Amino acid sequence: MLITKSSSECHVAVLAFPFSTHPGPLLNLVQRLAVEAPDVIFSFISTAKSNESLFSVPNPENIKPYPVWDGVPEGYVFARKPQEDINLFLKVAAKGFKLAMQAVEVETRRRIGWVMADAFLWFSSDMAEERGISWVPIWMSGGACSLSVHLYTDLIRETVGFSGISGRQNELLKFIPGFSELRLGDLPSGVLLGNLKSPFSIMLHKIGQALPKATTVLINSFEELDPELNKVLNSNFGKFLNIGPSNLTSPHPLSNSDEYGCIPWLAKQRSASVAYIGFGSVAKPKPDEVVAIAEALEASSTPFLWSLRDTSKQYLPEGFLKRTSELGKIVPWAPQVQVLAHSSIGVFITHCGWNSVLETIAGGVPMIGRPFFGDHPINTWMVENVWKIGVRVEGGVFTKSSTMRALELVLSHEKGKKLKDQIGHLRELALKAVGPKGSSSQNFNNLLEVITGHNL
């Protein structure tokens, strides 16, 4: 079968990391590109399970989903090990994507001219190089802070070493380019802390080594958030483009499901009075921390909206739901973007995952951070010490007293007003960045010109 590539028609292979919140923002970007470049074919390659969810609603005709094997053998029984599904996928991903790209070319009869991939798929750099085509990775999972640290992993390891790491968490590192200082204990997992030989840690290390080879590196952020780090990253990459926040460039429709009535309930609350509690789809507080949050909310009489999995409700103090039925609302899921945009929300108690950070900046809501893993610690460091738009819960875990102190500080203390003012300032910068003449909009147009061949 003849495979062609005409000068007017391009073919971009989009390789997704099919876990957590990675695929959604990537597809959102591709949707924007597809609308602006109708002659370009975008072949979106992810697992069948991921694609089934992503493509349940109509997409532009020039975006086509294709499957890649998830690496789970037939009849496999999961042992519930950490990152078990990710590790299975990573073992077969390189070969799987290579075969999928070959199949896509046969079906479309159009040779792939670009590889746009989640940066977690570092091996896609080699795939693009073998084909002699451009590689455009996108850092979906974090901001410039975590990207910079992974870029300088070797420098950090050589400078800090590995001895006695467990007792050095509070040591301040002042040699990482772009950071005035950073607490050692807030480095992302896989740099110095955690199992450095795990497939996930190895993947993160290889990302930092591969990214300088990219034609263009994209990031789900906006330039004005991290000007110093952006200078460093610009000096390391041929082209570095902030094209977010994706929650503002591709906002969710207002008709998003609110089956549990969160928004009508919020409408009955006082302005900036409610604590919204949510830890994303992966992070999960321990039972004693669920108890601590509940006791702090009740003791402080803080109105609350809590997105809490049904499996965790069993850990709530006996009688808590009945005693606080007028004070708060617990739901298994909440439309977070809409919730954070509501005027009654005064604080967001969060794990500080990157999407949650961007969404709360867009809502102008200060944070109380409780990091769990991955980039949560470094995001929390930035929230408290650099951007000054929130606080880390004392000791990094929830106790009744630490949670009450954090709530009082953000909702009642003078510092809370400063946090609110600062995040309001960042909100305005983010909105300006995605405006018609904003930095993220200009960067998107730059990317569009590169892909369509008008700015090679």
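Keep in mind that glycine also has a Cβ here, set from the backbone N, Cα and C atoms.
What Swiss-Prot lists as anthocyanidin binding site is Ser20, His22, Gln83, His150, Gly374, and the listing cites similarity to another entry. For the recorded site, Gln83 (anthocyanidin binding site), the DSSP three-state label reads coil.
Marked as active site, proton acceptor by Swiss-Prot on the basis of similarity to another entry: His22. Every protein chain considered, the tally of other Cβ atoms within 10 Å of the Cβ of His22 (anthocyanidin binding site) stands at 21.
In the three-state DSSP scheme, Asp118 (active site, charge relay) is classed as strand. Here Swiss-Prot flags Asp118 as active site, charge relay.
Annotation for Asn355 (UDP binding site): same-chain Cβ neighbours under 8 Å, separated by at least 6 residues, are Thr21, Pro25, Asn247, Gly280. DSSP assigns Asn355 (UDP binding site) to a helix in the three-state reduction. The UDP binding site annotation in Swiss-Prot covers Ser281, Trp333, Ala334, His351, Asn355, Ser356, Glu359.
The two recorded residues, Trp333 (UDP binding site) and Ser20 (anthocyanidin binding site), have Cα atoms 15 Å apart. For the pair formed by Gly374 (anthocyanidin binding site) and His351 (UDP binding site), distance between Cα atoms is given as 10 Å, rounded to the nearest Å. Here is what falls inside 10 Å of the CA of Asp118 (active site, charge relay) among the binding-site residues His22, His150, His351, Ser356, Glu359: His22. In sequence order, Ser198, Pro199, Phe200 are the residues of the chain that are 6 or more apart from Gln83 (anthocyanidin binding site) and have a CB within less than 8 Å of its CB. Taking Ser20, His22, His150 as the binding-site residues under consideration, the smallest Cα distance to Ser281 (UDP binding site) is found for Ser20. The UDP site is set by Ser281, Trp333, Ala334, His351, Asn355, Ser356, Glu359; from the centre of their CB atoms, other residues of the chain with a CB within 8 Å are Gly278, Phe279, Gly280, Ser307, Gln336, Thr350, Gly353.
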